[in-house]
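Here is what TrEMBL records for this protein:
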type	residues	note
DOMAIN	B:43-168	domain 'Autophagy-related protein 16'
COILED	B:86-184	coiled coil
REPEAT	B:221-262	repeat 'WD'
REPEAT	B:263-304	repeat 'WD'
REPEAT	B:305-347	repeat 'WD'
REPEAT	B:362-388	repeat 'WD'
REPEAT	B:389-424	repeat 'WD'
REPEAT	B:448-476	repeat 'WD'
Amino acid sequence: MAANEEAMKYVWEGAIPLQIHLHKSEVASHPAPPPALVLAPRIGYLPLLVPLIKPYFKDSLPPGEDSIWFDYKGVPLKWYIPTGVLFDLLCAEPERPWNLTIHFRGYPSNVLIPCEGEDSAKWNFVNSLKEAAYIINGNCKNVMNMSQSDQEDLWTSVMNGDLDAYTRLLPKLKMGNIEDEFSRKESLSSPVSRQGGGTEIDVAGQVKTARIPVRLYVRSVSQNFENLEDVPEIDTWDEISYMNRPVEFLKEKGKCFTLRDAIESLLPEYSGDRAQTSGEEEADGSQETRGEIKLVRIQGIELKLEIPFSWVVNNLMNPEFYLHISVLVIGPQR
Amino acid sequence: MSQEEKAMEAIKDALRALRKRHLLEEGAHGPAISALSKPMISQGSEWKEKTEKLEIELQQCYKAQSRLSDQLVIEVAESRTSKASLQDKELLINDLEKDLSQTREECTRLQEELEEKTKTLDLLITENKEVRSQLEEMTNRAQKAESENKMLIDRWMLQKMQDAERLNEANALYEEMLAKLKANGLENLARQQVDGIVRRNEDGTDHFVESTIPSTCGHRIHAHEGGCGSILFQYNSRTLFTGGQAGPVKMWDTNSGSLIKSLNGSLGNILDLAITHDNKSLIAASSSNNLFVWDVNSGRVRHTLTGHTDKVCAVDVSKFSSRHVVSAAYDRTIKLWDLQKGYCTNTVLFTSNCNAICLSIDGLTVFSGHMDGNLRLWDIQTGKLLSEVAGHSSAITSVSLSRNGNMILTSGRDNVHNVFDTRTLEICGTLRASGNRLASNWSRSCISPDDEYVAAGSADGTVHVWSISKGSIVSTLKEQTSPILCCSWSGIGKPLASADKNGYVCTWT
């Protein structure tokens, strides 16, 4: 199997086991319903899981209208963040199955934006797509020009996790490509040019520089830790800072733009430290007041930072052409 | 390691990490969760099915609802129209009720009328019934009366028949007696003639009186207006009957010349008079086709003899029986009447009209003088012609018998007066006068009672008197100016009376 196809397959097939508990305040039946076990697609969103979960709990619900929201350890989960990203972000040590609590009442409007179920998720997806198109192409004409049925089909393929359908629909989207010699069929094939990166077929016309849409989630922990198990539980979203900043993909001669370069461009304050390989963390000792990037997770895996960014982008991006990066740092909370 | 190699290594590493993740996450938990969620899914699908079913039901319900609402619209519209029609019907009902009440009133009124009518009808029916019963009663009574009447009539007829039988018997007896008497009478007469002695026998004989030759006029009586056609003296008296154009027959006393009586009841012109021997009945021949018979004493008409179809111009009554009347009329008949029976017993027809008629003394022979100038003799009983004699060349106007019955005087329009012998029918004498002209077909002449003289009137108003034996005029009486129609000599010899066309009657003595 080709490397990029394999990677995309894994990305699309990725699913997190969730154990959904009904919040005890909403248990209206005796005995209390058992938790629901669902597999949540990584690239999907929490509101899409409601039809699967609701049957488990509907008999137990108190009377009233439903306004569904999830929380993890008391923290209401933002629904517009893909499920995989939430998992990577909030669970330092992957908790499998991930225990979430579902609420049907008492929507925390001060914390979460309203959600109307699948439709909200769909619009969120399309908007993100437009944003990505704008970043990549300079305009979102390609999304706008897409017919409504095609948009529906695109969203349906995302909802259903149908990579084939998505791949068929991609040409209609006419999103600009990110030239990546590393994503060709032969994993060891030599790159055409050492220049790497750089789009030559930019739709918008920018030849030399590519802009990659990136959403960066930074969780800062105050205390250093040795093992991931020791990472304290998250309390509030205040611990997490969110950056929606494109990465300028510079084509440099003789140099390959790595992930490290990307992160450094995004988080210059942490660029002094060079986190090593994924998985094991190295206690490097805090140097100054500068934070230390302890963990970089994309699509649930920790990557070697030497990995070419273009490969990362082309293989690990979400269906809406955004690359979601979760970072755990030690440093002062912002 | 070159950067490239590092890169490749990193990529491989990444892939490995992805695989591992897969194993840890979906690889490990997927099957279990799917196994667990199958019931849920199936439940979910159940729910889906239920939902679908419910949706279908709901759709059907909607359809049904729409149908029902359509129906409802229709029904509402229909109900509106029904209401409208109902209102109309109500109005109609009101009108009909009014009509009905009116009709009821009319009906009661009519009923009342009907009752009244029925009542009246009942009343009428009862009345009718009563009237009918009355009618029945009346009819019964009438029937009874009829039957009684019939019975009575039958009885009466029976009585009458019995009377008639008795009468017949009596008549038969009487006739027998009369016959006997006649026989006796004839014997006596014969004796008288021979003897010349007047004997007074039974009734029916006459006095013999010598008659004087009249010369002076006694009375001049205006008897009738328009002419006096017939005069006659009562037997053996001076009473004179006169009959004229119109009015009654008058009875005069020639002594005084005054009217004794008037006999009323006659119609038409009196053409001839005859009186019964007992002076009780006077018969007049009238131009009204009838003969009138008076009872002289009472002056009332006893019989009106009808049967002639033309004017009756001559009449005579039998001296013997006073019962047989013979009349001649211009219907060319001579009728024989029975005064007792009151009707015609015999009728004789002939060709020539009879102007004058006279019965013989015995009453068995009729002498008739005719227009053809012949004198005929008839048998009274058989009505057969016995003989005829040509007496005159023109019409005979008068036939009168002498008192002794032997001579008969006939006067004709040829102004000749012949005297015949009744037995031989030979002319005994012919009397003429130069100035004597008979005035009419019924100018009557007469013989004096002593059978000696003949008096006849003339058209110039003179009366001539002849003597039979001498055959010449012995007297000429001039007094009247108009033509003399009739002369009559009283049975006692005088006076002689003459009547003229102006109705004057003169008496001569």
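Here the Cβ of each residue, glycine as well, is placed from N, Cα and C on the backbone.
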Inset, instruction - Go ahead and report the DSSP secondary structure tallies for the domain 'Autophagy-related protein 16' (B:43-168): helix first, then strand, then coil. - result: 126 helix, 0 strand, 0 coil
Inset, instruction - Sort the residues of the repeat 'WD' (B:263-304) into helix, strand and coil with DSSP and give the three counts. - result: 0 helix, 23 strand, 19 coil
Inset, instruction - Grab the same-chain neighbours of the repeat 'WD' (B:305-347) for me: Cβ-Cβ under 8 Å, and only residues 6 or more beyond its ends, written as numbers and ranges. - result: 171, 178, 181-182, 185, 204, 268-269, 271-278, 280-281, 283-293, 353-359, 361-363, 366, 368, 378, 380-381, 383, 399, 441-442
Legend entry - Same-chain residues at least 6 beyond the ends of the repeat 'WD' (B:221-262) whose Cβ lies under 8 Å from its Cβ atoms: 206-207, 268-275, 277-279, 282, 284-285, 294, 296, 299, 442, 444, 485-492, 495, 497-507
Legend entry - Remote residues contacting the repeat 'WD' (B:263-304) - C-beta distance under 8 A, at least 6 residues beyond either end: 203-204, 229-232, 234-235, 237, 241, 243-246, 248-251, 310-317, 319-320, 322, 325, 327, 329, 337, 339, 342, 356, 442, 444
Inset, instruction - Count up the helix, strand and coil residues in the repeat 'WD' (B:362-388) according to DSSP, in that order. - result: 0 helix, 16 strand, 11 coil
Inset, instruction - Summarise the model confidence on the coiled coil (B:86-184) as a single mean pLDDT, whole number. - result: 92
